[in-house]
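Record features, source Swiss-Prot:
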type     : residues                           : note
BINDING  : H146, H150, H156                   : Zn(2+) binding site
BINDING  : V216, N219, F221, E223, E226, D229 : Ca(2+) 1 binding site
BINDING  : D280, M281, D283, D294, R295       : Ca(2+) 2 binding site
DISULFID : C121-C201                          : disulfide bond
DISULFID : C217-C246                          : disulfide bond
DISULFID : C228-C241                          : disulfide bond
DISULFID : C230-C236                          : disulfide bond
DISULFID : C240-C263                          : disulfide bond
DISULFID : C254-C260                          : disulfide bond
DISULFID : C272-C292                          : disulfide bond
DISULFID : C279-C310                          : disulfide bond
DISULFID : C337-C383                          : disulfide bond
DISULFID : C350-C360                          : disulfide bond
DISULFID : C367-C409                          : disulfide bond
DISULFID : C403-C414                          : disulfide bond
CARBOHYD : N312                               : N-linked glycosylation site
Amino acid sequence: EQQKYLNAKKYVKLVLVADYIMYLKYGRSLTTLRTRMYDIVNIINLIFQRMNIHVALVGLEIWSNRDKIIVQSSADVTLDLFAKWRETDLLKRKSHDNAQLLTGINFNGPTAGLAYLSGICKPMYSAGIVQDHNKVHHLVAIAMAHEMGHNLGMDHDKDTCTCGARSCVMAGTLSCEPSYLFSDCSRREHRAFLIKDMPQCILEKPLRTDVVSPPVCGNYFVEVGEECDCGSPATCRDTCCDAATCKLRQGAQCAEGLCCDQCRFKGAGTECRAAKDECDMADLCTGRSAECTDRFQRNGQPCQNNNGYCYNGTCPIMRDQCIALFGPNAAVSQDACFQFNLQGNHYGYCRKEQNTKIACEPQDVKCGRLYCFPSSPATKNPCNIHYSPNDEDKGMVLPGTKCADGKACSNGRCVDVTTPY
């Protein structure tokens, strides 16, 4: 499972924000500023390609009337304000994995940017800020890639770290001879972070219609107007795709996909993905597409010896969730512990409405915070919870989990499995 996760292609769905000073700096021209922002993201994507990460610009915002936070020369304060704005405003209206602020302000000291370490996929911490410190856009792009590197678990390079160039992306200071290369240390740190945190948001491939930047033929991502994208003509190894035009070669039906074989669609009924478990179904090709559409058993079908019900292709049960939070010996706490969810306090609640925590109704207590008993001699507390103010949703009972016979959790309520949920 771990190796499968590490090998999977990762996608960072990025929103890039430019502040009011940037708007003034580029002559109040939205076109000029947008072009600079697109150029920066294209370079960032090139840099991260070597790490098997595609950076897709899914949102671009320019504060052309006034700043939405108080941008100031203290980078620490500005980062905190920007991250808070992202969590409370931007995330509510635009789905994305990471946000970066490009600012025209001059930060105190030698700082050109700042970001939270290992913040990717975390609502409060997947953010960075970068000063537009140089006319040359690729130097600003390297600075932003550096900050995103922090978000992806990479720390500053030490003297012993090497990448085959004079300076690597995660160098502690700006270099006049920067490179697009990550050091051996950065690669190790990124891998260790992926193993430890296994951030899920970066596994989700954006739709081509989600991308707001102009299509770039040769960036390995099929965008609007393209039929395929196998990289540059020099690097493309795909016989189905014309690298110069990002169009399929004559006679080819497809270039990639589980239902594509030697540039042709596989026959209808060909199995393209085996069933993973009892809540999944074997997926079949249609004969009309290269895609292998994921199918699964209907929600509410009993699974794991009637301990759970299928939900969107998985079988969520409380014991598995306790093990994921507290280790292999963990078990679900006694029913009395779940009564804490009646309180509606900072951790014991069923759901949030407009940022207000709603206490559980008595029949719904098993659809709020999860209570576990970690079976270790050191732990005497029978009602252990996982609660972090930075990620309050972690440690809640997962949607679709069995909460009573014939019932499953949906939006903090224990509902009948015969009704849609």
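Using the three backbone atoms N, Cα and C, a Cβ is placed for every residue, glycine included.
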(message) In whole Å, how far does the CA atom of R295 (Ca(2+) 2 binding site) lie from that of H146 (Zn(2+) binding site)?
(response) 39
(request) Using the recorded Ca(2+) 1 site (V216, N219, F221, E223, E226, D229) as reference, state which further residues of the same chain have their Cβ within 8 Å of the centre of those residues' Cβ atoms, listed in sequence order. (result) P215, C217, G218, Y220, V222, C246
(message) Using the CB centroid of H146, H150, H156 as the Zn(2+) site centre, which other residues of the same chain sit with their CB within 8 A?
(response) A115, E147, G149, M154, D155, V169, M170, G172
(request) For H150 (Zn(2+) binding site), name the DSSP secondary structure in the helix/strand/coil scheme. (result) helix
(request) Report the same-chain neighbours of C403 (disulfide bond): residues 6+ apart in sequence with Cβ closer than 8 Å to its Cβ, ordered by sequence. (result) D364, K366, C367, V397, C409, C414
(message) Say we define neighbours as other CB atoms within 10 Å of the CB. Which of the disulfide-bonded residues C228, C263, C337, C414 has the fewest?
(response) C263
(request) Can you tell me which disulfide-bonded residues out of C217, C240, C337 are within 10 A of D280 (Ca(2+) 2 binding site) by Cα, answering none if there aren't any? (result) none
(request) Work through the disulfide-bonded residues one by one (C272, C310) and point out the residue whose CB has the fewest other CB atoms within 10 angstroms. (result) C272
(request) Could you check which of these disulfide-bonded residues, C230, C263, C279, C292, C310, sit within 10 Å of N219 (Ca(2+) 1 binding site), going Cα to Cα? (result) C230
(message) For the C-alpha pair, I'd like the distance in angstrom between C350 (disulfide bond) and C263 (disulfide bond), rounded off.
(response) 50
(request) Identify all same-chain residues not among D280, M281, D283, D294, R295 whose C-beta atom falls within 8 angstroms of the centroid of the Ca(2+) 2 site's C-beta atoms; report them in sequence order. (result) R273, A275, A282, T293, F296, G313
